[in-house]
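Q: After the structure tokens below, expect a handful of questions from me.
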Amino acid sequence: MSEEQASSPSAKMGDEEKPVGAGEEKQKEGSKKKNKEGSGDGGRAELNPWPEYINTRLEMYNKLKAEHDSILAEKAEKDSKPIKVTLPDGKQVDAESWKTTPYQIACGISQGLADNTVIAKVNKAVWDLDRPLEEDCTLELLKFEDEEAQAVYWHSSAHIMGEAMERVYGGCLCYGPPIENGFYYDMYLEEGGVSSNDFSSLETLCKKIIKEKQAFERLEVKKETLLEMFKYNKFKCRILNEKVNTPTTTVYRCGPLIDLCRGPHVRHTGKIKTLKIHKNSSTYWEGKSDMETLQRIYGISFPDPKMLKEWEKFQEEAKNRDHRKIGRDQELYFFHELSPGSCFFLPKGAYIYNTLIEFIRSEYRKRGFQEVVTPNIYNSRLWVTSGHWEHYSENMFSFEVEKELFALKPMNCPGHCLMFDHRPRSWRELPLRVADFGVLHRNELSGALTGLTRVRRFQQDDAHIFCAMEQIEDEIKGCLDFLRTVYSIFGFSFKLNLSTRPEKFLGDIEVWNQAEKQLENSLNDFGEKWELNPGDGAFYGPKIDIQIKDAIGRYHQCATIQLDFQLPIRFNLTFVSHDGDDKKKPVIIHRAILGSVERMIAILTENYGGKWPFWLSPRQVMVVPVGPTCDEYAQKVRQQFHNAKFMVDIDLDPGCTLNKKIRNAQLAQYNFILVVGEKEKTSGTVNIRTRDNKVHGERTISETIERLQQLKHSRSKQAEEEF
């Protein structure tokens with residue numbers, strides 16, 4: 001990703017940092033190590049004098065800006081003409097090209113609107129509020145609540161922090177994008193590092209920069225001039241040489257900071273009302289472990305201090321729910337440096353993993369999917385045919401076998417195409433629904449590996465539907481019903497987006513139109529709200545994007561419903577139609593509900609906070625004897641529940657009191673605690689209570705097993721209450 005792309009608010013937020021986990025870190029956040037140049041617990045102070053490159057860069061910029069302003073003034077005088085600006089309600093406002101700005105139009109409506117507007121949107125593209133309009137256009141004025149406005153707000157905040165970092169550390173700034181919640185900036189330091197002790201002085205300097213209301217200025221400059229301007233910074237020069245393919249690109253200035261950036265930005269630094277620096281880590285240049293080590297600092301900002309308080313509360317809750325912490329505490333899974341990005345699932349974690357797969361497998365039988373098993377290793381010729389070798393080979397594990405190049409599969413679809421093609425196919429076989437839980441490997445950069453959310457080895461509930469064009473609508477309806485069934489059992493709400501034909505698409509436009517219409521019909525019949533995402537489909541077919549919402553309000557994308565017109569062409573897949581045409585091409589629907597099973601386990605762990613629903617719980621039953629005389633009976637009870645296929649344990653610790661044993665079981669999130677004493681031993685019963693201390697009383701063993709089996713089979717979300 002280029003500097004412009006990485007810093008652009010139009011770039012997809014969250015690419016650098018996922019909602020679950022931190023991303024690309026190899027040093028504990030907020031490292032306490034003392035810097036060589038540091039000032040003890042007080043951290044670093046602002047450099048005096050500033051690094052020489054700041055003044056040299058500013059002198060060069062000022063000269064270029066004066067020339068630019070002169071040209072712009074001349075253009076405004078010479079080329080300005082009346083234009084019409086159309087607002088969202090259809091009202092038109094008169095303006096002058098090269099003179100009138102979105103901010104002036106906002107002021108004309110109301111000063112309150114102008115003050116609360118973060119950024120403009122001109123002809124659907126984000127635009128600086130103080131940048132003159134150039135032609136007839138549509139205009140939207142976005143407030144902080146809008147996602148694109150948030151990205152701009154956090155992007156501008158990153159520049160404020162970047163200015164402070166230059167003035168405190170004097171290093172070379174690298175990337176500084178907005179992310180899912182906030183922003184970060186990377187910096188290369190010749191010596192020393194960043195300490196959490198520095199945060200206070202950085203924040204103080206950021207507040208000073210904000211108070212100064214430094215204007216954000218945009219300037220388009222020739223590439224060769226920028227190479228001279230940034231000659232002190234090898235990273236900016238790399239970006240210019242390797243990523244910028246145009247004769248000119250843009251820089252933005254606030255105060256003494258000038259940085260490569262596509263923009264846009266808020267009007268001035270004073271628009272950032274509250275800013276907090278909350279974390280640091282180290283990372284590698286572009287995530288590659290053989291490149292330079294960089295220091296990364298994370299921040300967050302808001303237009304209202306109350307929002308920061310809410311964010312801090314949310315962060316504390318998210319920290320307590322971190323799947324890596326819960327995974328360790330509950331002995332579910334772990335990672336090891338000898339196999340980075342490949343999870344070790346312990347017995348209780350494996351139970352969750354296998355239960356999820358069996359859940360999907362049971363739905364497959366109801367819905368006409370046929371499960372298959374396919375190879376893990378393929379000759380590279382397969383990936384050349386599919387097109388993955390050209391675009392994805394860097395992310396594949398490849399190796400030589402008998403002088404031929406092979407690779408571990410990163411996805412199942414090409415193998416399923418070979419399956420479809422291994423014999424002639426008839427229209428009577430369609431739709432053919434092929435499901436595969438095969439192990440996949442993707443060569444993620446080591447710096448990007450994050451818990452279960454970014455791994456190298458994983459499995460998906462992957463399926464491909466081979467169907468005729470006219471069958472798309474019904475198949476999509478089936479996929480949508482499938483995901484609603486699964487997500488309702490998990491307790492997730494979700495939102496849907498239809499992403500349609502992009503500008504650069506492959507195939508016949510009529511085929512696209514017909515397919516998109518069928519997707520629309522399916523979504524309308526589904527009955528849930530959905531939004532149109534025009535032009536955001538893949539080049540090979542339209543798709544439905546599904547985002548689930550977890551217990552603390554975060555959104556995650558797991559499910560996939562993607563049409564593919566190109567893979568059948570690349571593999572020359574055909575079927576004989578009912579009228580005898582043996583050259584008919586199927587459409588492929590790529591479909592997953594859980595997505596990566598590993599990632600879904602991370603999301604579920606955090607969603608439930610480790611408090612697993614009974615059917616999925618790795619700790620369903622704990623048997624607690626009142627005393628040693630009941631141990632033998634307790635063992636028999638445990639064996640009966642084990643034989644009934646429950647996850648059951650027993651606490652025979654003689655050093656613990658009964659109350660302590662019960663409390664330990666509740667804290668360990670055992671759904672049901674079965675207490676057995678002399679009375680229960682005599683009558684062949686158990687005394688039942690739940691992890692939330694709801695007492696259900698005495699029941700026979702057979703009665704208890706039967707009821708728990710019913711609750712398990714129904715996948716009840718509240719089994720403890722419903723018992």
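Glycine residues also receive a Cβ, built from the backbone N, Cα and C atoms like all the rest.
Annotations per Swiss-Prot:
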| type | residues | note |
| --- | --- | --- |
| COMPBIAS | 1-10 | compositional bias 'Polar residues' |
| REGION | 1-49 | region 'Disordered' |
| COMPBIAS | 13-39 | compositional bias 'Basic and acidic residues' |
| MOD_RES | Ser39 | phosphoserine |
| DOMAIN | 79-143 | domain 'TGS' |
| MOD_RES | Lys243 | N6-acetyllysine |
| MOD_RES | Thr246 | phosphothreonine |
| MOD_RES | Tyr298 | phosphotyrosine |
| MOD_RES | Thr453 | phosphothreonine |
| MOD_RES | Ser702 | phosphoserine |
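What's the neighbourhood like for each of these?
A: With DSSP classes pooled into helix, strand and coil, the tally for the domain 'TGS' (79-143) is 15 helix, 23 strand, 27 coil.
Secondary structure from DSSP puts Lys243 (N6-acetyllysine) in coil.
The C-beta environment of Thr246 (phosphothreonine), restricted to residues of the same chain at least 6 apart in sequence and closer than 8 Å, consists of Lys223.
Look at Tyr298 (phosphotyrosine): DSSP puts it in a strand.
Summarising the environment of Thr453 (phosphothreonine), the number of other Cβ atoms within 10 Å of its Cβ, over all protein chains shown, is 22.
When Cβ atoms from all protein chains are considered, those within 10 Å of Ser702 (phosphoserine) total 12, not counting its own.
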Q: Roughly how many Å separate the Cα of Lys243 (N6-acetyllysine) from that of Thr453 (phosphothreonine), to the nearest whole number?
A: 28
Q: Take every residue in the domain 'TGS' (79-143), average their pLDDT values, and give the whole-number result.
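A: The average pLDDT of the model in the domain 'TGS' (79-143) works out to 95.
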Q: Can you give me the Cα-Cα distance between Ser702 (phosphoserine) and Tyr298 (phosphotyrosine) in Å, rounded to a whole number?
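A: One finds 56 Å between the Cα atoms of these residues.
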Q: Write down the Cα-Cα distance for Thr453 (phosphothreonine) and Tyr298 (phosphotyrosine), rounded and given in Å.
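A: Cα to Cα, Tyr298 (phosphotyrosine) and Thr453 (phosphothreonine) are separated by 20 Å.
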Q: Tell me the Cβ neighbour count for Tyr298 (phosphotyrosine), meaning other Cβ atoms within 10 Å of its Cβ, over all protein chains shown.
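A: There are 23 such Cβ atoms around Tyr298 (phosphotyrosine).
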